[in-house]
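Presented below is the structure to which this report refers.
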Amino acid sequence: MSNVPAELKYTTSHEWVLHEGGGIYSVGITEHAQELLGDMVFIDLPEVGTVVAAGDDCAVAESVKAASDIYAPISGEIVEVNDDLESSPELVNSAPYADGWLFRIRISDESDLDELLDAEGYQASLEEDE
């Protein structure tokens, strides 16, 4: 069973969101997603300054198995990307909820958070998929 940290919010497309304070949220893919994709070989991240709407595809995770779009879980402006992934994309596999974060976004619409799942809801969605 995949690790689903309680302090995070989730999407049904397997992204997670962590509030960093001041309207800034870190975004990554879940342990379940990285298990499905396998070993990461490249992460195509959005440009800092890009404005995204919730649901927009804004990054791509390329693994030995497939390339998968990553969707913005909330609307806002990309304020930082994880440059470590350029040389070490495997961080998404080894630490998806820590060093393997993808980008940080300044939220523009707090109501987007209402659309996200809590850990229990995300775990239930995984069990439905099995």
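Please read every residue number as a count from 1 along the shown chain.
Placement of Cβ uses the backbone N, Cα and C atoms for every residue, glycine included.
These features come from Swiss-Prot:
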| type | residues | note |
| --- | --- | --- |
| DOMAIN | 24-106 | domain 'Lipoyl-binding' |
| MOD_RES | LYS65 | N6-lipoyllysine |
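Under 8 Å, Cβ to Cβ, and six or more positions away along its own chain, LYS65 (N6-lipoyllysine) finds LEU37, GLY38.
Mean pLDDT, taken over the domain 'Lipoyl-binding' (24-106), works out to 98 on the 0 to 100 scale.
Under the DSSP three-state reduction, LYS65 (N6-lipoyllysine) is assigned to coil, being neither helix nor strand.
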